[in-house]
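Reading through the structure tokens given below for one structure.
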Amino acid sequence: MAESSESLSASSPARQRRRISDPLTSSPGRSSRRADALTSSPGRDLPPFEDESEGLLGTEGPMEEEEDGEELIGDGMERDYRPIPELDVYEAEGLALDDEDVEELTASQREAAERTMRQRDREAGRGLGRMRRGLLYDSSEEDEERPARKRRHVERATEDGEEDEEMIESIENLEDLKGHSVREWVSMAGPRLEIHHRFKNFLRTHVDSHGHNVFKERISDMCKENRESLVVNYEDLAAREHVLAYFLPEAPAELLQIFDEAALEVVLAMYPKYDRITNHIHVRISHLPLVEELRSLRQLHLNQLIRTSGVVTSCTGVLPQLSMVKYNCSKCNFVLGPFCQSQNQEVKPGSCPECQSAGPFEINMEETIYQNYQRIRIQESPGKVAAGRLPRSKDAILLADLVDSCKPGDEIELTGIYHNNYDGSLNTANGFPVFATIILANHVAKKDNKVAVGELTDEDVKMITGLSKDQQIGEKIFASIAPSIYGHEDIKRGLALALFGGEPKNPGGKHKVRGDINVLLCGDPGTAKSQFLKYIEKVSSRAIFTTGQGASAVGLTAYVQRHPVSREWTLEAGALVLADRGVCLIDEFDKMNDQDRTSIHEAMEQQSISISKAGIVTSLQARCTVIAAANPIGGRYDPSLTFSENVDLTEPIISRFDVLCVVRDTVDPVQDEMLARFVVGSHVRHHPSNKKDEGLTNGGTLEPAMPNTYGVEPLPQEVLKKYIIYAKERVRPKLNQMDQDKVARMYSDLRKESMATGSIPITVRHIESMIRMAEAHARMHLRDYVMEDDVNMAIRVMMESFIDTQKFSVMRSMRKTFARYLSFRRDNNDLLLFILKQLVAEQVTYQRNRFGAQQDTIEIPEKDLMDKARQINIHNLSAFYDSDLFKFNKFSRDLKRKLILQQF
């Protein structure tokens, strides 16, 4: 019996092992039932690292095992107690004996061991289907294995029971908010972790249409430049992760915080040491589909992601803002913190945990972390403000690396979170609680003409290129400028060239030469000068209209004022800065005082404005075309005086204008009658009750071609606007094939005549003006090179501008001297009509002086007209006599007496 008891005790380990293992492996049916019993047992909720065998074999388990398992007590039970030497010995491997010294683990060794144990227990638990991802341990570890683990877990979940279907729902049905709001849902741990994983996977795997990894290249470029902003296209996010794109505008603050954390992990996975440069990566959202106007922002936009546009009118300096703040207890010098400072409220400690005192507390300047802070104000773009409305403005906050991304005068697109904050001054002013609103910027993009070109469709581009191949496109564009204004072809030609503009040059980044063409209109009252400016304001993509009487020097350039809240000096942009890359229109230019007028000298030539006030020394861009209108001294233009004697402007300001247009109100019975008919017909045609021609007033062909115009059909105004935008952005004409000798000869001739007549001074600026106008004429035809025709047109415009500013006594002789330049692209009939009108005017003056009255019929001998025509190389007048131009001006021929008659 002693031997049997010894053998029983010696074989007890083997017996215990067999009792556990044999029933589970006896048959496949039993194993499946046993697995069900295991997964549903109370041991599922036991804490880790405990002996789980007690939970697996509970009180109910053995009862089922005795019914279904093998019979252990019987005739063959002695076999269970037979000695098996290899199984009757405990394993000694890995066990430390009592007499052995065990070395104490270091911190790194202990951490590695615990990581291995956690990995083992996690795999063991998942193998049994007992635990879900992220519940036992922090699932933020081993990020490199997560995508693969996630796929394996989803595959296992499809094969397991109802318990694991809940896990699939939490991953696949993230859009099911379960009755919560979006902001509450994304703040929970489960959805927050899933959003983190999805966005991280999006950054790692998103490819473009060519198969290139988009964000790998962007992150590489970002790290090369040591930046901390990663731009994500909202359209790409919506295409891949539509749930995240749905959550983002509703809860932007929470989502962007998760995105920033995920982006930082992706960046550190690619560049592990990038945290030495920055500890934060900011995800910037671009191309948000819906663009809101500043005046349309309402309370429903609060705390949502919005996209708006406007012009920056003022900006503060870059200030340090508290990010992570630490406090010193003044009584015990204990350091409290760090406290994360948010934009909405100030965080202050209540009591000191060391001495239990309630303060006072001082900010620890050395250990506190700051971030960059800048406040800007954006205003609605001038072209988007409805008539009679004041432009709205809104403040925006730029943080981190967004500071100094724009300056006053820039037109920007701003994506950010629309916040409200408490403002005590508003409560005092209104008498009841209201909140001020502000935009916390997330992404800032400068707008230029490329955005305008991007709005053109393929059909528009095809139509524009087709129009450029028309031989008469130049005349059509000239005729399309202000078609509701009668006559003034030279002014329309100059304004058309100014709208297209030349090409700016900056050789080596040292000296910048402007490409914009400045135009000055001067003449008698009632000659449509202001109407021309108003027309340019409508047809230009970006225009600022101001008057000389109401504009001061700082109103035109820029000024410095103290911010009412922060009490610091801020820079405010004036009209010329706001019109950057556009047109600045100044009416009543002569009403400005000299001090205000000299302030725009730099803006008109160097196209920049230097500010040195209140400690702010800077330079702002003013790359705009200046078109001004002025009245002569005394109200009417005196042709017996030169231009500079008629206008109260100094020579430096006159020489900065490329084109000078003199508008004179001369008495001509025929022209006056035609003008009156034109005006009356225009009023009748555009009356609101006239429904028949309603379509023409909305951008169609406004007026029929008049005989004194270019004789071609004008372009619709919308087509003209698109044509100008396309030409200014896509065409860059070069001067390779330009006739330089012709320009040099003409410049020397102009200098001689200028010195002899004492009229406006001719300077080197006029050579640059001719080059700019030649480039503008080439751009008008969408040509890449300046041709001889472009140079001839520029010389003709320059000559007409120069001759119109002369005294009447020298104007005729000068026209004869420069006739070869003035005759370019002019129809012979136009030249002959001009000569014939001069002969009629001389005859009218003769009759008034001799008879004291004017006769109803003026007779001009054909021989006089023939002699004048031969001087400009025109020998055949039959085509002129048969033309409509001859008949429309009420001329007729008496063939017997060989006279030309005009009836008044």
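Residue numbers in this text run from 1 along the chain shown.
From the backbone N, Cα and C atoms, a Cβ is placed for every residue, glycine too.
S139 is the residue among S11, S139, S209, S351 that Swiss-Prot labels phosphoserine.
Here Swiss-Prot gives motif 'Arginine finger' for one range in the set 127-130, 471-474, 635-638, 655-658: that range is 655-658.
Checking the ranges 275-301, 329-355, 410-436 against Swiss-Prot, the zinc finger annotation falls on 329-355. Swiss-Prot records phosphoserine for one of S9, S140, S599, namely S140. Taking H, G and I as helix, E and B as strand and the rest as coil, DSSP gives the motif 'Arginine finger' (655-658) the counts 1 helix, 0 strand, 3 coil. Ranking the recorded positions S381, S530, Q531 by the distance of their Cα atoms from the Cα of S108 (phosphoserine) places S381 first. The CA atom of Q531 (ADP binding site) is located 55 Å away from the CA atom of K216 (N6-acetyllysine).
Rounded to the nearest whole angstrom, the C-alpha distance between S530 (ADP binding site) and K216 (N6-acetyllysine) is 56. If you take the C-beta of K216 (N6-acetyllysine) and look for same-chain residues 6 or more apart in sequence within under 8 angstroms, you find M270. For Q531 (ADP binding site), the number of other Cβ atoms no farther than 10 Å from its own Cβ, over all displayed protein chains, is 13.
With all protein chains in the displayed structure included, the most crowded Cβ environment within 10 Å among the recorded positions S108, S530 is that of S530.
S381 (phosphoserine) falls outside any helix or strand according to DSSP and counts as coil. Neighbour list (S381 (phosphoserine), Cβ cut-off 8 Å, at least 6 residues apart, same chain): S309, G310, V311, E411, R542.
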